[in-house]
2 protein chains.
Amino acid sequence: MTTTHRPSGDLDTISINTIRTLAIDAVEQANSGHPGTPMGMAPVGYQLWQYELNFDPADPLWPNRDRFVLSAGHASMLLYSLLHLAGVKAVNPAYETLGHASVTLEDIKTFRELGSRCPGHPEYRWTSGVETTTGPLGQGVANSVGMAISSAWLASRYNKPGFNLFDYKVYSLMGDGDMMEGISDEAASLAGHLGLSNLCWIYDNNKVTIEGPTALAFSEDVSSLFLGYGWNVTKVSDANDLSMLAKAFQVFRDETQRPTLIIVDSHIGFGAPDVQDTSAAHGAPLGAEEAKKAKHSYGWPENAKFLIPEGVYEHFAKGIGARGGELRAAWISLFADYERKHPTLAAEILAMQHRELPLHWDVDIPTFNSDPKGMATRESSGEVLNAIAPRVPWLLGGSADLTPSTLTHLTFAGAGDFEAADYNGRNLHFGIREHGAAAISSGLSLSKVRPYWSTFLVFSDYARGAIRLSALMEIPVIHIFTHDSIGMGQDGPTHQPIEQLASLRAIPGLIVLRPADANEVAEAWRVIMELQHNPVALVLTRQAVPTLDRSRYGSAKGVARGAYVLADPINGPPEAIVIATGSEVSLAIAAYEELSSQGIAVRVVSMPSCELFDRQPATYRDSVLPPEILARVAVEEASTFGWHRYVGIDGAVVGMHTFGASAPLKDLQNKFGFTPEKVADTIRQQLQTQLQNQRKNR
Amino acid sequence: MTTTHRPSGDLDTISINTIRTLAIDAVEQANSGHPGTPMGMAPVGYQLWQYELNFDPADPLWPNRDRFVLSAGHASMLLYSLLHLAGVKAVNPAYETLGHASVTLEDIKTFRELGSRCPGHPEYRWTSGVETTTGPLGQGVANSVGMAISSAWLASRYNKPGFNLFDYKVYSLMGDGDMMEGISDEAASLAGHLGLSNLCWIYDNNKVTIEGPTALAFSEDVSSLFLGYGWNVTKVSDANDLSMLAKAFQVFRDETQRPTLIIVDSHIGFGAPDVQDTSAAHGAPLGAEEAKKAKHSYGWPENAKFLIPEGVYEHFAKGIGARGGELRAAWISLFADYERKHPTLAAEILAMQHRELPLHWDVDIPTFNSDPKGMATRESSGEVLNAIAPRVPWLLGGSADLTPSTLTHLTFAGAGDFEAADYNGRNLHFGIREHGAAAISSGLSLSKVRPYWSTFLVFSDYARGAIRLSALMEIPVIHIFTHDSIGMGQDGPTHQPIEQLASLRAIPGLIVLRPADANEVAEAWRVIMELQHNPVALVLTRQAVPTLDRSRYGSAKGVARGAYVLADPINGPPEAIVIATGSEVSLAIAAYEELSSQGIAVRVVSMPSCELFDRQPATYRDSVLPPEILARVAVEEASTFGWHRYVGIDGAVVGMHTFGASAPLKDLQNKFGFTPEKVADTIRQQLQTQLQNQRKNR
């Protein structure tokens, strides 16, 4: 539908050189940054924004906008220049409560300074028009696959005859770093498999990396690779040739079966005579003299700084501004009709855009009867997920090829598989690609569908780069990790997580939830689904755990507060506290029962989420963990790292100090000391230790 | 030089079916495990071991042995069967002090039970003949690239006219999971770039994964991909055809420029009529009835269990046993001559094999003069590395394309680059492939050269899968991470590590070292180089830190004990302790100086390594952190997670609670509270808090 306008020579060139010189000047001013790629790829960014992208600068969250992902995030000044010149407005707070603001010239002049909307790398939720946070290489391209999946899924669900609501395309600009990172291969392979013809990666083939020429470490034939992945591949031999670029984008738009890779041969640091085509142009200011020489080569006033020539703003307004504005206006009008004709679907779209939930979304969540044998929390979680998903139609996800183990499959009628032949399915098959799965899930979340993905907890390691970014971006991705301890048994130490819980808890903003039984699982999902700005790691057992008798012990509603009193002495106050999470809660309960029968007064605290607990007011925290009770034991089948925060220096942690071993569950529990007897003994020792400490202090 | 013996039909088939049935029976007995791949790939494993591999079962650590890496580690029973039938002996303790033992039939019968030498996945250091720990997919193939690099490097350095000491080949068996993981793409791309013709990957193309047919998530053209990576690709259309397999291995041996991929079409669960070619054969026992049917299809006695027919042991002894024995004997004799002719080089080889260091390896390590301006620890580390490396010729490594930033380049004459055209170089260019770099480094370490690799600390996330395995395997890989805090500045939160230190400290066996100044860096390297069974994470600053005046403060020799008293009150005992690491030590010192001038008695503890400190006897630990001093503050520009273990519940941690921001260093330190004033204030508050606590307790 888009027609490619023929650029008028003069203002095109001036606009491109404005982008280049803004990048040069911002990096000079900051005395830090990456000028080379913006200088080389300015024509590509320009052609794409001015003539191709269906994006309205006046409404940067318009749901059907084309997405532009700068995967080579270090080239941030390319994006900031475009955002500024195109006049991208601040985000409408009706769509998004986080603080997206527009890029002013002052922001560009304060590039990389505290508070500037132009930080070193583009940050989602901070700068309007930044579709995702990039910088760690490979993440942006993988996100773009999630966005392209979303476009296809949204179209499949919401487009109706006469209502082509969703047909947006996703463009991602990548460099050699993105190309070399394994996560990109994972994402490219899946995108090819799914035949995402709405996806276009633009590869900046500048042949230079930080260490020197790419040839030091890279000699693969990128075309063969992507053809092997099932992509359409086209080449542009000169980044400065706008008409070749326009043709390449046309090739992309004409392709209906495959994603498209455009390989663009470019010159890093284009126009700077002494550093062009060298790694010196990559990540350092040009220096005053070289900057002048570059400007000279562009026919630019050498001493001008942050110059935006007359007519440039207007030129962008007539290009992307006019085109995007018209398209968006037409869409808004179309959507108004759609609301009348398909009110339920329209309401879904609006709720989704605001990260809200449908009414009654949680009414089918089951309550589980007490059962000493119980069930695995992966199993109860699968049940709860399947009770929620039919009522939240945009909740979708899958597994990195472990669905039969992680039990995250949507099994109800109509859930279906998302495959090239059917974009309506809600079960994604990510393949054995954890890092890709997590980053693609972020792309889904950035598109406002609600994603989950799953693997074994130990393999969260593979996905940390992407998990971290979901936390940094403050997007509600649901990371599901099963087989959560040595309790997974015979697969042995390679598959038994030890340090993963601590490692996830250390990530700012990520909420880790490790429920103790089926009813805590149900409550955990209530917490998770309401989250709008936090990703979550839901950590589940492989093995069955008892479903606790809630008439006897505390209510699972306590999950929402992160930790709660599960059991207390019948008479009088507790002398000792045992804190446990997940499968070890029933172990703590067993120790409690034993000690109670011996007249030892113990409190059991279930702590499914340290992060949620730490957010509670001090009065609540002190009511659960009274400061005067110093005899404290934490029990978790994981690294003890981090637990002394709750038990104190002299407190005890029954945990893991080594890797696990391959053996049946019971043998491992004996070997590593996860038995009621061991826990009870440790509590008794704690009482003695604290008694001795008190005596000492007297 | 190897001739491919023509297999005699009968014993070949019997041997192959022995492998299959041992796998079936072991999984049945364990009621857990993965029978399908051993059943399908038994002929490939057999052909390789019996007729191709230059490996002496009597000496499984013979340095020039061919390596076999089972990257599809879940198919462990394939390997254990081969190890047992080939009669691989326990490792000679002269070579390796860790407990490698041989696989007995009893071990196979107790597959996946505690103490069996046949754990769920193959474990290096536990089972003799296991070259690397596998199971987490993609790791084995990436390790194999490190092994192939080692072979090429060892040949280049040690082979002399008439002495072809090193020419071993590296084989790795991979499945669909290995193929999909991005780490494999990283490793394959680098192997192709380096033209490692001694490397052969065998791809088990069984078209089935856990979720079902591979076609659910995978449709790439593997041949195109690997040709694009610069590999030689050949196919075997029937895994059961030994002559086709033999030809494929011949194709590999004939190739002199490129690594080789052999794509083998196979049938998962071959011979089990109801599950063959389905995911049901992947990861669960066949069940008694199906096991019988499979045995029937092999012409095997249906009720026999763990049957090793007469003649099978002898057959292996005549094949791999005889061939390997002869080759090794010839090598030992050759090496004896070599020792006479090239005694220095021979001594190097022996020292390397025992993970010992040359005499006087450390005499060139500099001492740094005190300097308030100082230098970045990445810079002092680069100096120390270049002082050590000339004296430890088998210390080699590189960076994931960040050498100009991580400063890990070996700059002395002759260090050179390791490239396809010159395998003698010691500087590796890993490309922008962190996960691959770490796993390849493990492969180097398993080959007994001493590897380091480097990236920014935040990108350690990308490599965690491989870092963990270096710890699990207890191999001394040196992971170097620079730009270690928000102090790296303007690149912003995507590049500023927060949770990485805690996450690394949580890995069992990994020693994290974050030195405070140039002299701590020197001492850290002394510790690192002596390690034989621990990997290390050396964590370094981007920015300059003062070189402390050691005549005024404690000696940097304290690094070896993990933590030490750097400064104490001049008069009387300390009232409060401030613990810091890395760049924050000078901050603690500044606070100490300020408080001292006000008569407040503070001790400063430098704690470059929690792990080393925790290993010290209690008397030492109590001397550094006297239990009676409760007023404690930890200072680290990182997540506070984990620090309460040293400061207690009521202790204070000056650390990070959020992600960072893009700004110059000074602005960030002000924003996030890393100033001498803030630290001094926190110490004052601690003294008050602990005073109040004492009053309460009275």
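Using N, Cα and C of the backbone, Cβ positions are placed for all residues, glycine too.
Nobody curates TrEMBL annotations by hand; they come from automatic prediction.
Less than 8 angstroms from the CB of B:GLU434 (active site, proton donor) sit B:ALA400, B:THR455, B:PHE459, B:SER460, B:TYR462, B:ALA463, each of them six or more residues away in the same chain. According to TrEMBL, the feature active site, proton donor maps to B:GLU434.
According to DSSP, B:HIS282 (substrate binding site) sits in a coil region rather than a helix or strand. Annotated substrate binding site per TrEMBL: B:HIS34, B:HIS282, B:ARG378, B:SER405, B:HIS483, B:ASP491, B:HIS495, B:ARG542, in sequence order.
According to TrEMBL, the feature thiamine diphosphate binding site maps to B:HIS74, B:GLY135, B:PRO136, B:LEU137, B:GLY177, B:ASN206, B:HIS282, B:PHE459. Under the three-state DSSP scheme, B:PHE459 (thiamine diphosphate binding site) falls in the helix class.
Here TrEMBL flags B:ASP176, B:ASN206, B:VAL208 as Mg(2+) binding site. The DSSP secondary structure for B:ASP176 (Mg(2+) binding site) is helix. The Cβ of B:ASP176 (Mg(2+) binding site) lies under 8 Å from the Cβ of B:ASP204, B:ASN205, B:ASN206, B:LYS207, B:VAL208, B:THR209, B:THR214, B:PHE218, each of which sits 6+ residues away along the same chain.
Averaged across the domain 'Transketolase-like pyrimidine-binding' (B:375-547), pLDDT in this predicted model comes to 97. What TrEMBL records for B:375-547 is domain 'Transketolase-like pyrimidine-binding'.
Listed in sequence order, B:VAL27, B:HIS74, B:ALA75, B:SER76, B:MET77, B:HIS282, B:GLY283 are the same-chain residues at least 6 apart in sequence whose CB falls under 8 Å from the CB of B:HIS34 (substrate binding site). Residues or ranges marked as site 'Important for catalytic activity' by TrEMBL: B:HIS34 (among others).
Per TrEMBL, site 'Important for catalytic activity' is recorded for B:HIS282 (among others).
Checking the binding-site residues B:LEU137, B:PHE459, B:HIS483, B:HIS495 against chain A with a Cβ-Cβ cut-off under 8 Å leaves B:LEU137, B:PHE459, B:HIS495.
A sphere of 10 angstroms centred on the C-beta of B:HIS483 (substrate binding site) encloses 27 other C-beta atoms.
Each residue contributes its Cα atom, and for B:HIS495 (substrate binding site) and B:LEU137 (thiamine diphosphate binding site) these two points are 27 Å apart.
For the recorded site, B:VAL208 (Mg(2+) binding site), the DSSP three-state label reads strand. Take the CB of B:LEU137 (thiamine diphosphate binding site) and look out to 10 A: across all protein chains shown you find 29 other CB atoms. Nearest in space to B:GLY135 (thiamine diphosphate binding site), taking C-alpha to C-alpha distance over the binding-site residues B:ARG378, B:HIS483, B:ASP491, B:ARG542, is B:HIS483. Cβ neighbour density within 10 Å is lowest for B:SER405 among the binding-site residues B:ASN206, B:SER405. Looking only at other Cβ atoms within 10 Å, the busiest spot among the binding-site residues B:PRO136, B:GLY177 turns out to be B:PRO136.
Between B:ASP491 (substrate binding site) and B:PRO136 (thiamine diphosphate binding site), the C-alpha separation comes to 32 Å.
Residues B:HIS34, B:HIS282, B:ARG378, B:SER405, B:HIS483, B:ASP491, B:HIS495, B:ARG542, recorded as binding substrate, reach a greatest CA to CA spacing of 48 Å. Annotation: no binding-site residues among B:ARG378, B:SER405, B:HIS483, B:ARG542 have CA atoms within 10 angstroms of the CA of B:LEU137 (thiamine diphosphate binding site).
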